[in-house]
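Here is what TrEMBL says about this protein:
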ACT_SITE  D330  active site, proton acceptor
BINDING   K30, G103, R131, Q179, R361, R405  phosphoenolpyruvate binding site
BINDING   K30, S31, R35, S177, Q179, D330, K357  3-phosphoshikimate binding site
COMPBIAS  8-21  compositional bias 'Low complexity'
DOMAIN    18-437  domain 'Enolpyruvate transferase'
REGION    1-31  region 'Disordered'
Amino acid sequence: MQTDAEHPASPLRASRARALSGRCRPPGDKSVSHRSLILGTLAVGETAIEGLLEGEDVLRTAEACRALGARIDRLGPGSWSVRGPGLGSLLEPRETLDFGNAGTGSRLMMGVVAGHPITARFDGDASLRKRPMRRILDPLTQQGARVLEEAEGGRCPILLRGAAEPLPVEYKTPVASAQIKSAVLLCGLNSPGRTVVIESEASRDHTEKMLAHFGARIASEPFGPHGRKITLEGRPELRPAPVRVPADPSSAAFPLVAALIVPGSEIVIEGVMINPLRNGLLTTLQEMGARISFENRRAEGGEEVADIRVAASTLAGVDVPAERAPSMIDEYPILAVAAAFAGGETRMRGLSELRVKESDRLEAIAAGLRANAVECEISGDDLIVRGGTGRVSGGGVVETHLDHRIAMSFLVMGLAAEQDVTVDDDRMIATSFPDFRALMEVLGARFA
Ligand code: S3P
């Protein structure tokens, strides 16, 4: 997204709200949505998707899949059909694949292109152009792809030529990252051999689950105390499989924390995915004393989901271990807001990966907290927040740096702070949660 005279930033202000109440359903999970379009493209025949997140990031992935030969139609709200050309039959895109703000879409699609004898150019907005891609390109070149052009430091725009016959590899990921793991697996799909990915800390497993759902032979076993070893047999016959996308726990986090910090609130958030590799925030909030309960637990589309009841709570600061980071990697901005309202100190350990998200999230969180008179400190890779025991002054203007989660987190802060909180730009919210404002207003939030 550009910001210039023709595309001005769009500030938004949040004001102290009365008790939030009611029920809501956040949009479909972003990770599952990207993967459903990609696997639908790699299967021959029609894949039906229900509950797809219609956020800008996912729509960019849909465009990229079309450029590789898929027919993708929107049948109704959240209801999509993908007709794939199938693994091994992708077309070379005629134009640049523009992923906008989407790290996940671009990185997963690099894996797809790397496993086919086609050349594609990858690009995106100012935020995506800053994000490190070497971590993806390194394993993909080991698998036989070639980087023909790249911007300084292995960044977009990147021209990538895929391998006609990707080599089977065993790859150990240098950081816990589902994007790296998924790129290697998606490339390995078209390899005549077996692709193995080892991660020393388990990251979200949506790619593995969905590959199995589409008929691939894939196994995942424990590796060391916290890791996994994933083995994929190449050249499977992927068959279309219906996908029902559960509500995104990373989006549910915003109304959830809002209900915790706005006095008197009680809400229910429906159909939220509670995959154990995504639930670090819930664990942490419960340790802080949050009143959260799970109702109507059920299986939906291969994932466990639940309706989450949340009531305003007195929170206490906690020490969040580094090992928990992969299961709540996108939730630190909103956890920092919860911590600002807690009593005592919250220390969040091992946050180096936050520096390479849509913004340098570690710095953006700290700057946003300080702008609202919350005491905090960055110590190495840890963030320490000293909470105001239910009280935060607010009154700040927060720089969002093209980062949707920074914008939504600080808007949530404004619902409970003494003075309004303004974010400098709300446009990026549409990348992951287009109806954020409307959904929050139905619960009682006040934005202007
Ligand atoms: C995602 C993986 C995570 C996460 C991102 C979505 C995915 O990134 O931050 O929002 O869908 O695979 P990393 O793999 O870089 O940790």
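Glycine too: its Cβ is placed from the backbone N, Cα and C atoms.
A map of TrEMBL features onto the structure.
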{"residue": "K30", "record": "phosphoenolpyruvate binding site", "contacts (Cβ under 8 Å, 6+ apart)": "L53, G55, D57, V58, T104, D248, S250, S251, S432"}
{"residue": "S31", "record": "3-phosphoshikimate binding site", "contacts (Cβ under 8 Å, 6+ apart)": "T104, A178, R204, H206, D248"}
{"residue": "R35", "record": "3-phosphoshikimate binding site", "contacts (Cβ under 8 Å, 6+ apart)": "L108, S182, H206, T207, M210"}
{"residue": "G103", "record": "phosphoenolpyruvate binding site", "contacts (Cβ under 8 Å, 6+ apart)": "L128, R131, Q179, K357, E358"}
{"residue": "S177", "record": "3-phosphoshikimate binding site", "contacts (Cβ under 8 Å, 6+ apart)": "R135, E199, S203, E353"}
{"residue": "D330", "record": "active site, proton acceptor", "contacts (Cβ under 8 Å, 6+ apart)": "S250, K357, R405"}
{"residue": "R361", "record": "phosphoenolpyruvate binding site", "contacts (Cβ under 8 Å, 6+ apart)": "Y332, P333, L351, L354, R355, D403, R405, I406"}
Distance filter, Cβ under 6 Å of ligand 1; input recorded positions S31, S177, D330, R405; output S31, S177, D330
The answer, for which of the binding-site residues K357, R405 has its Cβ ringed by the most other Cβ atoms inside 10 Å, is R405
Here the binding-site residues are R131, Q179; the one whose Cβ sees the most other Cβ atoms within 10 Å is Q179
Pairwise CA distances across K30, S31, R35, S177, Q179, D330, K357 (listed as binding 3-phosphoshikimate) top out, in Å, at 19
Across the region 'Disordered' (1-31), DSSP labelling yields 2 helix, 9 strand, 20 coil
Model confidence for the domain 'Enolpyruvate transferase' (18-437), as mean pLDDT, reads 98
